[in-house]
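For reference, TrEMBL has these:
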type     : residues : note
DOMAIN   : 320-533  : domain 'Major facilitator superfamily (MFS) profile'
TRANSMEM : 45-64    : transmembrane segment
TRANSMEM : 76-100   : transmembrane segment
TRANSMEM : 106-129  : transmembrane segment
TRANSMEM : 141-161  : transmembrane segment
TRANSMEM : 173-193  : transmembrane segment
TRANSMEM : 205-228  : transmembrane segment
TRANSMEM : 234-255  : transmembrane segment
TRANSMEM : 320-340  : transmembrane segment
TRANSMEM : 416-438  : transmembrane segment
TRANSMEM : 450-470  : transmembrane segment
TRANSMEM : 490-513  : transmembrane segment
Amino acid sequence: SRWVATAASLWIQATIGGAYAFSIYSPALKSSQSYDQSTLDTISVFKDIGANAGILAGILYSAVAASSRRRFFGPWVVHVAGAAQCFLGYFLMWLAVVGIMPRPPVASMCVYMFLGAHAQTFFNTANVVTAVQNFPDYRGTAVGIMKGFLGLSGAMLIQVYEAFFKDKPSTFILMLALLPTAASVLLMCLVRVCPVNRVDDKKHLNGFSIAALVLAGYLMTIIILENIFEFPRWAYFLTVVLLLLLLCLPFKIAIEAYHEEESRAQPAESGSLVYGTHSIEPDKFVDENRGEYEELPSTSSDKALTWGESMNIVDAMCSLNFWLLFVAMACGMGSGLATINNMSQIGESLGYPTLRINTLVALWSIWNFLGRFGAGYISDVLLHRKELARPLMMALTLATMTAGHLIIASGFSGNLYIGTILVGICYGSQWSLMPTMASEIFGVLHMGTIFNTIAVASPLGTYLLSVWVIGHIYDKEAGESNSCSGIHCFMASFFILACVSFLGFLVALTLFFRTRAFYKSVVLRRLRHSQRR
């Protein structure tokens, strides 16, 4: 069942956010290996590159799933490759930290960190692409839920650390080697593309959405309480138990949806499956981009049909739409990640107490989740009900991000809270909108390769804005003291970030006008045709 596949994918997504918990184990890495801050930052850069450069994962998925029959095995092969990297990277790092193996060169530790973080792209690619193929009519919602659980995974892993590995960061590294690997290996057999009719998709996807929102609300409450009160160990145990109970909700929803679909299933002739009134041949499922799922009515827009076909990465990179999407992501993801990377320094320069700074940083994962989930869900609503192309949602989020950067730049009391909420939500939204748009504009077959290539814009934009804009201006304002206090420390930087986000808004708006006819003539026509069937 695709519903059980979705629940299994969500559990895997919930365990793979080790890169987001780097602040937990980085002190142990630094002290055990006698690194200075510059060396630790170098290892952190390899973490960011590994967590975002998922091109190999996309190529592997496309290669394995090249035919209809092998598509069942595509997610499994990618999960195995991710599990191997995850275990190898974090396990070797743990051996070095606890002293079982001699202290490795810095270059080797960078490779270990890269492997551990790079595994995330394999897990994520397998789960996201499978979700898009299982729910093509509501791919925005499906991707938003998947990306949302990934955004929450760091917060969930930190709760596990507080309950079981408090003051034992080296043991936490071992857990990062074992938990995602075990979850993927045990659950990957359930993650598969399922040839079924799309009856009541919205109803049960809404169930998954509610479960995700409940989980995010629970984590937000726990994070706020932890930053106000001192939790005893038993309280952390209780929070993890309740967390596990909430994680059971997706499987409960999946089982109910499965039984509902089974009750409608009827035997059909010639080995086909019947769901409701629609018969599906085993070799002809959920592949509208290759012409096997449905025949679209003719359209006068040859360019639109070319966009809708399954392009490979070379064909996609030869189109203007690819580079418009890449630049928009570099502006949105780059400026958003540069903000969170400098959140502590911004709070310190404005005189915020440590408790408030820690709360801001901890709540970023919640705003990130709301953006990932909300953008996918709302863009589906706008597409189905208002017939508004998805790039418009991206343009609106980038415009809102511009406002968030301007609010932070103003430096008034309390504005850092408002600004980070806006930037966090809008940053997260790019991670669900971009893969969904890539699947619609360039096709599903090579979606994993294409959206992972576009995702490289995130570390590229972050490096340019963090080092050459925020870092350079901060050092100039600080002078020889290496420390800066006051609004002026970051005001110019965030005005520049606002301009960059506004550039992303203009680029996304251009993409909207270029693809508006395509969405009406191809994407919406597919949706109507599917609903009639």
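Cβ coordinates are placed from backbone N, Cα and C, and glycine is handled just like the others.
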- Are there at least 3 C-beta pairs under 8 angstroms linking the transmembrane segment (490-513) and the transmembrane segment (416-438), leaving out pairs fewer than 6 apart in sequence? no
- Query: Do at least three C-beta pairs under 8 angstroms join the transmembrane segment (76-100) to the transmembrane segment (173-193), pairs 6 or more apart in sequence?
  - Reply: yes
- Query: Would you call the transmembrane segment (106-129) and the transmembrane segment (173-193) in contact, using three or more Cβ pairs under 8 Å, pairs 6 or more apart in sequence?
  - Reply: yes
- Query: Are the transmembrane segment (141-161) and the transmembrane segment (234-255) close enough that 3 or more Cβ pairs fall under 8 Å, when only pairs 6 or more apart in sequence count?
  - Reply: yes
- Query: Residues sitting near the transmembrane segment (45-64): Cβ under 8 Å, six or more positions beyond its termini, same chain?
  - Reply: 19, 22, 70, 73-75, 77-78, 81-82, 110-111, 113-118, 120-122, 124-126, 129, 312-313, 445-453, 455-456, 458-459, 462-463
- So what's the mean pLDDT when you look at the domain 'Major facilitator superfamily (MFS) profile' (320-533)? 87
- Message: Cβ under 8 Å, sequence separation of at least 6 from the ends of the transmembrane segment (490-513): give me the contacting residues as numbers and ranges.
- Response: 321, 324-325, 327-332, 334-335, 338-339, 342, 345-346, 349, 389, 391-392, 394-395, 398-399, 401-402, 405-406, 408-409, 411, 461, 465, 469-470, 473-474
